[in-house]
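Features of the protein shown, as given by Swiss-Prot:
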- 500-521: compositional bias 'Basic and acidic residues' (COMPBIAS)
- 528-542: compositional bias 'Low complexity' (COMPBIAS)
- 127-323: domain 'B30.2/SPRY' (DOMAIN)
- Asn163: N-linked glycosylation site (CARBOHYD)
- Asn212: N-linked glycosylation site (CARBOHYD)
- Asn338: N-linked glycosylation site (CARBOHYD)
- Asn510: N-linked glycosylation site (CARBOHYD)
- Asn523: N-linked glycosylation site (CARBOHYD)
- Asn528: N-linked glycosylation site (CARBOHYD)
- Asn533: N-linked glycosylation site (CARBOHYD)
- 1-59: topological domain 'Cytoplasmic' (TOPO_DOM)
- 60-80: transmembrane segment (TRANSMEM)
Amino acid sequence: MMIIEGDISGQEAVKNVIYGTFLPVDDPYPVTPPIDHDNETVSLAFLISLSVTFALLMILLVATAAYVMFCGADEAEYDEETGEGSSSSVTGIHTFFGKKGGGILLDSTFCSPGQFDDEEALREQEEQELPKMSKFEIELYKRSREFQNLNPPLVKEFGTYLNTSDRQFIKDRGIQSYYFYPSINDNVDKYGNFLPSFLVQDKLDVTFTEYNKSSSTLLNYPLPFNKKEAVYFEVKIFKFPTNSNTIFSIGLVTCPYPYFRIPGMSRYSIAYESTGKLRINNPFGASTLLPRLQEGDVVGFGYRYKMGTVFITHNGKKMMDVTHNVGVDLFVGLGALNASYTRTYTKDGLLEDPDNVDIREALSQGREVELPDAIQKVYDPENLTPVAADEVELQVNLGQVGFVFIEANVKKYGFGSVLGEIGIPPAYNGDEIKRNAIIQKGEEMPPKYGFEEGDRNSFFGDIHIYEGHHQLEAEELPEGNGGVTTTQDAGARAATDYERVSSAFDRENNDTTKDPADEILHNQTAANTTKPNKTSNNNNKNHNNKKRNKRNKRRK
C-alpha cells in the first residue's frame, strides 16, 4: 500500500485506496475509471423474466381452476362397509369452493344414486334378506319405508334447517337449549295405560325401559356450527347389563326419522350399534367393524366442517373416518330394540352371522353355545305375556363437561357455551351487592321484639294474657283497699263481672231446658191472676145491693 504525502493523513489515504476514490496527485494525466452500466441492465432483464414467469403461472392456475370447476371429477368414493369403491362426478362451483351441495357422502351406501333408488336391486335384496327376518322385523321395515315415503327426509345444505329465532335462542341459552324428544304415546296396555318406551331425564339422559320394543329419539336441534374445526359429542353407556336382550345404537340421522326405528336402519342415517356393527342406511346384514359396547364405554361422534367428515371414537380413541363430503343437517339420534322379537339377534340369526367368531369356534369344537333365555328363540310381540327388555341408560355430553377424547377438549369441539350469552341469574346474596344502595336489604329477620313489661313501644305493644283491654281501665280506677289496686286484680274483677252478667242474660233468654207448651201455660196463668174477673165483680155487687135493700126495709 502506498502512503500519500501531503495534507492527507495516512489513515485517510488507506480509506481512499480501499474505497477506490483516491487519485494520485502527481499523475499529470489522471485517468478516470470507467463507469459500469451492466448492473442496471441485469436488473431490468431479471424483472422482465420474473414478470413473464408469474404471468405464465397465473395462466396455468386459471386453466387448472377452470378444468377442475367444469371438467374435473371428484375422487373415487369408498364404501366403509363393503370395501367397494365407485366414482361419481359432481360438477359445479360449489365443489371448487369446498361446499358439499352436490354430494352428500363419498360413502356409496348413504345417498348416492343407484343404491336405494334402484328398485330392481332393492327388490332382489329384499327377496334375499326378508325371509331371514322375523314377523316383527318385517313389519318395522315396511312401516319405515312407508313412513319415509310419506315424510321424505330433509336433505338440505348444512346450516339451513334453523330459522333466525332458533339461532338466537341457541345463542342465548347455549347447550341448555338442547334436549331429546319424549316417547311417543303408541305403547299402551289393555287398560289403556301409557307404557313409555324410554324416559328423558335432565334433557340429555335417556333410559330405555322394559316396555320398549323398538324406538328412537332425536335431539331437538341439528349439529351446530361452533366456529371451530369440528363439532363433537359423546355418549356414555351408564347402564347396560351383560348378555342383554336389548340392542341399542348411537348415531346421526336426518329429520324426520321413524320414531320406531333405531338409527342406521333407515335412509340417511349412520350409527354405531352395540353389537359392534357400523350401519349406514342398512336395514339388512351389516359388518362388524367396531368393538362391542359394554357398560362404562364412551362412544363419540364428530363432524368436520371443511371436508364434511364424520368420525367415530371409542373410549377417547379415534376409530375411523366413516364418511366424507357430508353437507346436510344431521341430528343426534339414540335408539334401542328388543332383540327377543327379532330373528337377527336371536340364536338362529347369530349362528348365521359370519362376524360371530366366538359362536363359530364353539360350534367347530363341539361345545354348546350358551345364550340368555331371552334370545334363545323368537318371541311374538302380540302375545299376552310380553318379554321385558333390559333397561339401558345413556348419558349424552354435548360439551357441558369434559370429553374423554382429548382433541375435542383442546380444540373445544363442544356444541357451544354451556350457559349461552345470557348466562345464569345473578347471585343476590353475594358480597358485590352489599355496596349497591338500590338493592340493599333491611334488617335480618326476625326483628328484635321488646319483651320488657310495660313497654308499649314494642312490636305488639304491652299485652298480657287473660287481661286484654281491661288493663287500661284498671289503671284509671281510683285507689282502694288501703290505696293498693293492682292491674291483675282489676282485670280479674272485670272478667268476673262480665261472666255474671252474661250468665244471667243466658238464663233469661237462652234457657233451652224449658218446654214450649209449659211456657205458654205459665204465661196464661200469670195473665189470669193479674187480670180482674168481671163475673165475680158483678156477683159481689148484686149481693151488696140485696143487703142494702134489707136494711132499708127494716128501718121503715
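Just so it is clear, glycine is given a Cβ too, placed from its N, Cα and C backbone atoms.
All features noted in Swiss-Prot, drawn onto the structure.
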{"residue": "Asn163", "record": "N-linked glycosylation site", "DSSP (3 states)": "coil"}
{"residue": "Asn212", "record": "N-linked glycosylation site", "DSSP (3 states)": "coil"}
{"residue": "Asn338", "record": "N-linked glycosylation site", "DSSP (3 states)": "strand"}
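Across the structure, Asn163 (N-linked glycosylation site) and Asn338 (N-linked glycosylation site) place their CA atoms 37 angstrom apart. Across the glycosylation sites listed here (Asn163, Asn212, Asn338), the residue whose Cβ sits among the most other Cβ atoms within 10 Å is Asn338. Residue pair Asn338 (N-linked glycosylation site) / Asn212 (N-linked glycosylation site) shows a Cα separation of 7 Å. Residues belonging to the topological domain 'Cytoplasmic' (1-59) score a mean pLDDT of 62 in the model.
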